[in-house]
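Trainee: Below is a structure I'd like to ask you about.
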Amino acid sequence: MCGIVGAVAQRDVAEILVEGLRRLEYRGYDSAGVAVVDAEHNYTRIRRLGKVKELADAVETAHVVGGTGIAHTRWATHGEPSEVNAHPHVSGDITLVHNGIIENHESLRTLLQERGYIFESQTDTEVIAHLVEWELRSSGSLLEAVQKTATQLEGAYGTVVMDRREPERLVVARSGSPIVIGCGVGENFLASDQLALLNVTRRFMYLEEGDVAEITRREIRVFDARGEQVERAITESNAEHDAGDKGQYRHFMQKEVFEQPKALINTMEGRITNDSVVTESIGVNAVEILNKVEHVQIIACGTSYNAGMTARYWFESLAGVSCDVEIASEFRYRKFVTRPNSLLITLSQSGETADTLAALRLAKERGYMGAMTVCNVAGSSLVRESDFAFMTRAGTEIGVASTKAFTTQLAALLMLVTALGKQQNRISKEKEKEIVEALHALPAQIEQALSFDKEIEALAPDFADKHHTLFLGRGEFYPIAVEASLKLKEISYIHAEAYAAGELKHGPLALIDAEMPVVVVAPTNDLLEKLKSNVEEVRARGGLLYVFADEQAGFEADESMKIITMPHVSDITAPIYYTIPMQLLSYHVALIKGTDVDQPRNLAKAVTVE
């Protein structure tokens, strides 16, 4: 949820560190800081509450020089947003940044206070700094001190430590919070996300759980949780160097909404032919595993959970395989029963979602036949720890409110469902061809849906002055309504809820009045007539109706109901298609409200703490 950048080089690194933080702004933060030391042990630390630009201005004014440094953007967990709580934190000659949550920080704080340490901040991070300083007194090296400290920490952390007396060395420890090392020539870097380093290197080494690494200009030494030196593979990244550029768009979210046709094409490339899904493209051993699957368990959070809820309808109606979907933070704390031949599927844009990772690790101990992830970031923890991965190829997603990651997850899941049904002879060749043709048509249809931008923008003022909004859908369009309500909440700060339309009589009707906009997703399918009855229930109680309706659905607009007529598309891919106008509506409402669309308050892009 926070951002870390570090560098050991012969050149001055302050500008590299600040630029790295700029590239991580999308993750969400409330303060930022940097610390740099030069070869003569001259040391500078600068922290600022607010945006990275304020830190950058301060660094430029101070003429910060030095070849070794660390930088951080903080998203407050322990302690309010303030300059004193901002990272880096200091203890003696030790300077440190940290992502994660130290669960035993209170007992460690008490212990350290008894040893005479004085705390300046409210953070759990300062505990780590003092611990390292204490252990260094009896250790032969900074590496050893960090290793000893790591054994005392409970919780999640990715931490980078610098000793101003050793100005050409950084030590990093990882447990539950991602750290990637960027490998250069005569210089090395590290970050919590490779995006921070794409302007300085394309070669990356991903640390595993429990790793501690020592980094100098010319050497990277990695030690596992047992303290044994190990080799970690270096991979070449093909991620977009200019992912942090909005181009012609006002916001990253807007850019990413309009990138969805291309993202879908990329996700489907090489995975579908003219009339079939290429099962082997889903992952290593996919054919063998899918032949045996009797049940699917999906685990996810947030938008990814909504994608899983949509896919459940496909798994059961198309592939004939039972499917359960659970929120990761709930799944891991209940006593669940593992069904025979059950395939575990995790969904995550970042591949680093803390609760999803923890649920995966728990589930792997409980007898699932295999663990698959649908993910957007190659080399992420979920990808490395799963048996096989189906990458979504959406490209870097900067906006906190997920858009193209959601629709590409849905496309990937639909291909998976089709492959599963085909392998088990539950989907005929004719049905497979119908699904594939619908997928082929989808990018052009999404382009068409994006052309409704101006029409949807005209609706936004009707929502911007309201305090609540209700979204309705039936069947597989209920999760789409849930996702729509989440988007409106995230970026416009309007309270929004979604209900399966058949539940109106069981409570939500009590909320309906002239101040409650009700958005309805209305494709032409078997549930249309029942949905029309639900719409009439809202109309009869004076609700403000906004119906996104298939052109064949037969709705007629009047003073109480606005109709946005959508071209007819395949029932199979319609949930993906109807997502687009929901995204556009939320975006335009947020513009009127004047909120921070790309970095909504209190939210972070990658939730790497529990």
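Just so it is clear, glycine is given a Cβ too, placed from its N, Cα and C backbone atoms.
It should be emphasised that the depicted structure is a prediction, and the values quoted were computed from it without experimental measurement.
Quick paste of what Swiss-Prot says about this protein:
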type: ACT_SITE; residues: Cys2; note: active site, nucleophile
type: ACT_SITE; residues: Lys605; note: active site, for Fru-6P isomerization activity
type: DOMAIN; residues: 2-218; note: domain 'Glutamine amidotransferase type-2'
type: DOMAIN; residues: 286-426; note: domain 'SIS 1'
type: DOMAIN; residues: 459-600; note: domain 'SIS 2'
Trainee: Which whole-number value in Å describes the distance between the Cα atoms of the residue listed as 'active site, for Fru-6P isomerization activity' and Cys2 (active site, nucleophile)?
Mentor: 9
Trainee: Out of these active-site residues, Cys2, Lys605, which one has the fewest other C-beta atoms within 10 Å of its own C-beta?
Mentor: Lys605
Trainee: When DSSP states are folded down to helix, strand and coil, where does Cys2 (active site, nucleophile) land?
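Mentor: In the DSSP reduction, Cys2 (active site, nucleophile) maps to coil.
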Trainee: Helix, strand, coil: count each for the residues of the domain 'SIS 2' (459-600), based on DSSP.
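Mentor: Across the domain 'SIS 2' (459-600), the residues distribute as 64 helix, 32 strand, 46 coil.
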Trainee: Reduce the DSSP letter at Lys605 (active site, for Fru-6P isomerization activity) to three states and note it down.
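Mentor: In the DSSP reduction, Lys605 (active site, for Fru-6P isomerization activity) maps to coil.
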Trainee: Over the span of the domain 'Glutamine amidotransferase type-2' (2-218), how high is the average pLDDT in this prediction?
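Mentor: Here the predicted model's pLDDT, averaged over the domain 'Glutamine amidotransferase type-2' (2-218), is 94.
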Trainee: Can you tell me how the residues of the domain 'SIS 1' (286-426) break down into helix, strand and coil by DSSP?
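Mentor: Within the domain 'SIS 1' (286-426) the tally stands at 62 helix, 29 strand, 50 coil.
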